[in-house]
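> Take this structure, written in structure tokens, and hold onto it; I'll ask about it next.
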Number of protein chains: 4
Amino acid sequence: MSTGFFGDIAKIQYEGPDSTNPLAYRFYNPDEMVAGKRMEDHLRFAIAYWHSFAWPGGDPFGGQTFDRPWFPKAGGADTMDLARLKADVAFEMFSALGTPFFCFHDADVRPEGDTLKESIARLDSIGDYFAAKMEETGIRLLWGTANLFSHRRYMAGAATNPDPDVFAYAAATVKSCIDVTRRLGGANYVLWGGREGYETLLNTDLKRERAQAGRFLSMVVEYKHRIGFEGAILIEPKPQEPTKHQYDFDVATVYGFLKEYGLENEVKVNIEQGHAILAGHSFEHELALAASLGIFGSIDMNRNDYQSGWDTDQFPNNVPEMALAFYEVLRAGGFTTGGTNFDAKLRRQSLDPQDLLIAHIGGIDCCARGLKAAARMIEDKALSGPLDERYAGWNEAEAKAMLSGERTLEQISQRVLSSGIEPQPKSGRQEYLENVVNRYV
Amino acid sequence: MSTGFFGDIAKIQYEGPDSTNPLAYRFYNPDEMVAGKRMEDHLRFAIAYWHSFAWPGGDPFGGQTFDRPWFPKAGGADTMDLARLKADVAFEMFSALGTPFFCFHDADVRPEGDTLKESIARLDSIGDYFAAKMEETGIRLLWGTANLFSHRRYMAGAATNPDPDVFAYAAATVKSCIDVTRRLGGANYVLWGGREGYETLLNTDLKRERAQAGRFLSMVVEYKHRIGFEGAILIEPKPQEPTKHQYDFDVATVYGFLKEYGLENEVKVNIEQGHAILAGHSFEHELALAASLGIFGSIDMNRNDYQSGWDTDQFPNNVPEMALAFYEVLRAGGFTTGGTNFDAKLRRQSLDPQDLLIAHIGGIDCCARGLKAAARMIEDKALSGPLDERYAGWNEAEAKAMLSGERTLEQISQRVLSSGIEPQPKSGRQEYLENVVNRYV
Amino acid sequence: MSTGFFGDIAKIQYEGPDSTNPLAYRFYNPDEMVAGKRMEDHLRFAIAYWHSFAWPGGDPFGGQTFDRPWFPKAGGADTMDLARLKADVAFEMFSALGTPFFCFHDADVRPEGDTLKESIARLDSIGDYFAAKMEETGIRLLWGTANLFSHRRYMAGAATNPDPDVFAYAAATVKSCIDVTRRLGGANYVLWGGREGYETLLNTDLKRERAQAGRFLSMVVEYKHRIGFEGAILIEPKPQEPTKHQYDFDVATVYGFLKEYGLENEVKVNIEQGHAILAGHSFEHELALAASLGIFGSIDMNRNDYQSGWDTDQFPNNVPEMALAFYEVLRAGGFTTGGTNFDAKLRRQSLDPQDLLIAHIGGIDCCARGLKAAARMIEDKALSGPLDERYAGWNEAEAKAMLSGERTLEQISQRVLSSGIEPQPKSGRQEYLENVVNRYV
Amino acid sequence: MSTGFFGDIAKIQYEGPDSTNPLAYRFYNPDEMVAGKRMEDHLRFAIAYWHSFAWPGGDPFGGQTFDRPWFPKAGGADTMDLARLKADVAFEMFSALGTPFFCFHDADVRPEGDTLKESIARLDSIGDYFAAKMEETGIRLLWGTANLFSHRRYMAGAATNPDPDVFAYAAATVKSCIDVTRRLGGANYVLWGGREGYETLLNTDLKRERAQAGRFLSMVVEYKHRIGFEGAILIEPKPQEPTKHQYDFDVATVYGFLKEYGLENEVKVNIEQGHAILAGHSFEHELALAASLGIFGSIDMNRNDYQSGWDTDQFPNNVPEMALAFYEVLRAGGFTTGGTNFDAKLRRQSLDPQDLLIAHIGGIDCCARGLKAAARMIEDKALSGPLDERYAGWNEAEAKAMLSGERTLEQISQRVLSSGIEPQPKSGRQEYLENVVNRYV
Ligand SMILES: [Co+2]
Ligand SMILES: [Co+2]
Ligand SMILES: [Co+2]
Ligand SMILES: [Co+2]
Ligand SMILES: [Co+2]
Ligand SMILES: [Co+2]
Ligand SMILES: [Co+2]
Ligand SMILES: [Co+2]
């Protein structure tokens, strides 16, 4: 039985590139085969509960803009009834969009209790409610996570708090969230360390706090194995905001952190396009780097405005950028446990229920279009052909010997001097390759 | 015998804070004891050969502005005679400033030869010339390095070039630079990977290139040990420029790279204030992080303009910033092999010989003033007292047990739930601490 | 009768530079003469009601951190009683700090009514309450302003809204705020167009919206004259946030806007340090530019973190920066109606009542110290002497003739060619001048 | 007779979207009608002489990478023979590409003379050479300009130099460049004030310098009218680089400057995509703003890398961005004297002659594709339809009266209060509109 929130809503259908129906897919065709796999299985789309269902539309200079029947009335309390109504609407949207996955924080799905015990009990109760809906709809959980940043107890960090009681409280909270994630068959569990960082070094023992974070993450990994949770543990890097500096700055930083604590084979990354931009990287850089380091896990597919210095979490809309992103995903072998999560929020002026559908449809179509372009580039060796040619010299025996460690600095120096090597630069052909990409997008 | 370049130059003297003599120190007093050590031994100032003696004053939109007697005349050739004149002037400046160290690239000190062999022979010859001057003046070498970025052969990288011949050529070049650095008693050898990065991922095999860089660095470390070079090997991080992305993005990235190739005990970092800014960090962040990771080596003390998005390499002039930087240096135990190198260039409008002296005097005084403030803050426990108090909870037995790995997630969860822990946030006191710092600067 | 919020609070005293009392001034000594004027009359400090008394400590990723007795309880309503309690505490703080001015928005000081009529009635009522307190304490109003950005009705702008009813509603609101500002003897009235901009050009008629803004501002100016309000009308520029683009981007943009609508002699700017930074300028640039354009009005003295891309509104703490800022203020002739408003908020972890006092004390002292340095630089002609020398050539008759329009391009060309002018560059002496400034700070 | 530089070069042909020939157009079809006009007449492409023919491939960390037969040999002199060879190759490329226009600085096309007189004589001589080639090929001049930033005499500015002799020298130079531009039938004359700004306010009289710039520009305008030059005078804004701050920061700043000196009807802007980005704006913002202010002139179509903080001057390659740009151009009525100049340089690794062709072909095709998408959006009222609807309220009589100045603040306030207006926000539909755009690109 429908809540009626979206009106007379039907499942969004694929209608092909020429459709002008704003409530249809033009490129996303779940069963269409791309590079030997169904599009749905390639893309593994997930909807983020928080932005679409829990966020009221506020920003630092203004309050709630969205009227949602599941929001508490002004002065009214948040209740489990409202939480269930919210879930009803959420699953209606998941079903209408035909996206196979969703993601959530504990704080998105249940009102905070007066005690942690009560909060956990409510989470478990909503977990049951979700389980029934998942059973009914076939929607699955891409990942669960704990909100360790909104409540004032976390204002100075969760795992990295100066107060060990907060560390403990956070640990207990994460345990409860892993438990429910496992119970719901979650494919991953994500940690975004929104407040694991600092506002000022003047009051911060960075070394100690990073050690706390290392221990916390190790405990999570140990727990996962102990309970037999099969999903991947993922860290989502972000350079800053809300903190001035976040310890999980970017993929390279997270990799160093994992190596420091011996967790590089246990934990992967969930890379968000917008966070890459905020860290001074392109999205494809973060993807390629994670893949090369063996820690590529999943993606949050939401762009940042290039002129805004804060996290804008917008729906993706630039197809050439999507093509380069999915090119790296495909080169990394595609998703295993990961997927494409829209950690994207409506602009706060997009008030209507239909805006929620339309925003996701647009993002989904961009991804599908990008994926198809990427797959064709790979099939044609459009980029990999020239790339192999560019590095072909490294296939020579002497080059291999240098790279494998069979040559010393002295030996190489001797060879260069005796043979009078004078390397001649060759064109990098960047503009040619950019034009090639434009053939596909 | 003086070259006369600086006119009637005398050694710069310490005249105290009230001096208005632009050619005197107001704060730098080499023999003054600060925190139990002579200021000179704390700060270990070095002058960078390249900016002050080799750079003609060009920028992307304009050519040479400086007239220097050691620059080749228009259309004329660069010669060893000019290189020796340049060295004469350089050592005159080092002596006048009383700075104990200098730093150089091969390309700064000798004209490029027609062959690598000739280039190396010239480097060796200038090395002899330096050795005599160092003997005579007592000036020492903080570090040597190879310029692997200016010549067109390196346009696509040195160690990370698609052409293995460039890798080899770079290896031979680095060998020659380590050799001369060792011969001159250099305290460190630095690698700045200016072109070890990429312009576009479309033509780049990032994984392979990073592996090349790893092998290259390993060879350097192995060679150092083989020849008994006692200096430290340092990497200087920079996020970008000239490349779109440089592999040694920042301290955290370099740390991950070192861990990946097992070099974290062999290589440290040379942190430049300006590069920290370009990477989205404060200088003190990079210093504190490097210290916490055990890879703090040396600093390049030159600021970046906060409104400019490229490397401005300006002389430091903000004392409160210097105080926070040297506070981290002192907390890290001070320099061992490292020092304070001015990788700073005159503004290209600062045409006069005196500008060279004045710029360095200003930078040196800022550092000295910052060091003294930092030492007093440490002595007074001005920041460390409140810090210890803030983390005091972690001295409790149960907290220690959590951090040391004696507690599991389940145990902590159990304790939190059974004891009903509800952490109460405490003020972070940032503004108070900022005011405290202002008492010292 | 004290509210007790600040405990046993006494008036903050000047104790001189050596004081370590966190609740004393080290530099701000209201009656001390600086450049022929009392410090208090130079600086004209004002406290911002919104950050210190209305802001709950939230950020985009977390909610309220501050517990204040005048905040509504969870689920409770905001009331006029709470508003009066807030006013009591605010005036206690103003009195304790000894700052002569305050500033407010309508939304800071009274709960929103169910209708605009009720909102205005409440504002008028609080206005009466303020009037009594101002009379009693001698505290004055630097400026009043209307909050036209927090309520959802303004989500698409106030004056620039696509809906003319919002324009009208905003106009009525501004009228009420000017009225109360005038009644309280406000020295200025400020307009910050937080939502006068756009999120996307796709739904924006930029030309029309700018015309709406022009008309709105003209109406304000006309009203001011009609009612005889003697204060200045000020626009506060900001480049973005909350909007992607704000029409009042920076000083130069506002100037063009004023010229377009013939308001350049009617409206001045209130320049915020943090907004200057966000717009890609130094604060002193914005000050110098406004002065040169004849539109310098007042300042919001709150810095932006150099590594954060959003408005951090922090208390100033870098004295060298303050010195350069007040140097420009003094060169502009000092404040007339304007003053130094702390549009600065505590870090959200600074929970304690004392933090409010300490933050303001630190900011006030930085300004006082900067002012004194600036005044000495001016007295010594430390910068203006070299400046006059640098431009001395423009005092020659032929140069003056060129500048005044008495020479044509042909005449100048003829003279250059016939006399063979070959200009020789002279040193810009930037480093020397930076060192000079460091003698004063 | 061909120089042979491009080998066996033929005119680039339109082959349609499916072509994979890197030396063919896929979208640019000069005679194809778009929105009632030939594509060539819409786009009015121009090639920039400087990047493609005068730039050696250097960057701040490396020297020349390009080998061009018209570059002086190492140690050799630049000659008029080389300048003519360069012109031969340039016109070969213009002809091959079929682009109707080119643009140049004086410094691009002739070696600097020993005196200004000689420099001008050389410019005139090359002007003759160009005239013959233009006659022969039908290629026209979009704009000429003077290089007032590369020579050291301009290091502290040209019009804004502290030395009036530099102002005079610059004036004489500009006269010579306007003269040759007029002689060659140039459609515009451009001023880019690369050094009209400052490195530090400490040595800068900003007010005086801006007045110098105002007088200089007025002289140019007066001269134009006196000699009957019919082209438009254009200013190209840029926020910074090479200077820390450039007076022509962005479109809004230039507008204010023009208004200040009464030149807003005489001078328009040449907007560069990359400079918009560096100033914190989107390209379409700058275009829309210029159009709304009546100063839209021409465009430099070269993008800036979103992660680089300096001017990267890359060929455009993102079609959705081009579509939004040409949408604004079409809305502004299209070009009159202006056009689409590629102020774009090859990446310095793109060494081959073919890279020059390929880069331009790619950029041209992106523009053509963007133009076609923009024209269809306009034809379909895809964006303008919803826009008109959004602002429809302003068509009501009372709304018009408010905007036209027939209502006072009091009257509006009275109406709002008496009629109890409570505006209800409506969805801004941003995501819907973004999806609509994606139907066209
Ligand atoms: Co985000
Ligand atoms: Co995310
Ligand atoms: Co640097
Ligand atoms: Co450096
Ligand atoms: Co602000
Ligand atoms: Co403000
Ligand atoms: Co440019
Ligand atoms: Co340009």
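Cβ atoms here come from the backbone N, Cα and C positions, even for glycine.
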> TrEMBL has A:GLU236, A:ASP300, A:ASP343 down as binding Mg(2+) 1; which of A:GLU264, A:GLU266, A:GLU272 does it also list for that site?
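That Mg(2+) 1 site, as TrEMBL gives it, pairs A:GLU236, A:ASP300, A:ASP343 with A:GLU272.
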> When you put A:HIS275 (Mg(2+) 2 binding site) at the centre and draw a 10 Å sphere around its Cα, which of the recorded positions A:HIS105, A:GLU236, A:ASP300, A:ASP343 have their Cα inside it?
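Cα within 10 Å of A:HIS275 (Mg(2+) 2 binding site): A:GLU236, A:ASP300.
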> Counting Cβ neighbours within 10 Å across all chains shown, tell me which of the recorded positions A:HIS105, A:HIS275 comes out on top.
A:HIS275
> In the three-state scheme derived from DSSP, which category covers A:ASP311 (Mg(2+) 2 binding site)?
coil
> Using the Cβ centroid of A:GLU272, A:HIS275, A:ASP311, A:ASP313 as the reference point for the Mg(2+) 2 site, which residues of the same chain not in that list have Cβ within 8 Å?
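Output for this site, in sequence order: A:LYS238, A:GLN273, A:GLY274, A:LEU278, A:ASP300, A:ASN302, A:ASN304, A:THR312, A:ASP343.
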> Closest of the binding-site residues to A:ASP108 (active site), Cα to Cα, picking from A:ASP311, A:ASP313, A:ASP343?
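Smallest Cα separation from A:ASP108 (active site) among A:ASP311, A:ASP313, A:ASP343: A:ASP343.
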> Compare the Cα of A:ASP343 (Mg(2+) 1 binding site) against each of the recorded positions A:HIS105, A:ASP311, A:ASP313 and report the nearest.
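So, spelling it out, the nearest of the recorded positions is A:ASP313.
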> Can you tell me the CA-to-CA distance separating A:ASP300 (Mg(2+) 1 binding site) and A:HIS105 (active site), as a whole number of Å?
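So the alpha carbons of A:ASP300 (Mg(2+) 1 binding site) and A:HIS105 (active site) sit roughly 15 Å from each other.
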> Based on DSSP, name the secondary structure state of A:HIS275 (Mg(2+) 2 binding site): helix, strand or coil.
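Its secondary structure by DSSP: helix.
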> Sort out the sequence-distant neighbours of A:GLU236 (Mg(2+) 1 binding site) for me: same chain, 6+ apart, CB within less than 8 Å of its CB, listed by position.
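Sequence-distant Cβ neighbours: A:VAL190, A:LEU191, A:TRP192, A:ASP248, A:VAL269, A:ASN270, A:ILE271, A:GLU272, A:HIS275, A:ASP300.
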> Fewest other C-beta atoms within 10 angstroms of its own C-beta: which of the recorded positions A:ASP108, A:ASP300, A:ASP311 fits that?
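It is A:ASP108 that, of the recorded positions A:ASP108, A:ASP300, A:ASP311, has the fewest other Cβ atoms within 10 Å.
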> Going through the recorded positions A:HIS105, A:ASP108, A:HIS275, A:ASP343 in sequence order, which have a CB under 6 Å from an atom of ligand 3?
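Checked recorded positions vs ligand 3; nothing flagged, none.
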> Give me the count of other Cβ atoms within 10 A of the Cβ belonging to A:ASP343 (Mg(2+) 1 binding site).
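The Cβ of A:ASP343 (Mg(2+) 1 binding site) has 23 Cβ neighbours within 10 Å.
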> Enumerate the residues of the same chain, A:GLU236, A:GLU272, A:ASP300, A:ASP343 excluded, that satisfy the criterion Cβ within 8 A of the mean position of the Cβ atoms of the recorded Mg(2+) 1 site; list them in sequence order.
A:TRP192, A:LYS238, A:ASN270, A:ILE271, A:GLN273, A:GLY274, A:HIS275, A:ILE299, A:ASN302, A:ASN341
> Give the residue from the binding-site residues A:GLU272, A:ASP313 that has the most other Cβ atoms within 10 Å of its Cβ, counting over every protein chain displayed.
A:GLU272
> Rounded to the nearest Å, what's the C-alpha distance separating A:ASP313 (Mg(2+) 2 binding site) and A:HIS105 (active site)? Just drop the number here, would you?
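So the alpha carbons of A:ASP313 (Mg(2+) 2 binding site) and A:HIS105 (active site) sit roughly 17 Å from each other.
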> Secondary structure at A:ASP108 (active site) (DSSP, helix/strand/coil)?
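Reduced to three states, the DSSP call for A:ASP108 (active site) is helix.
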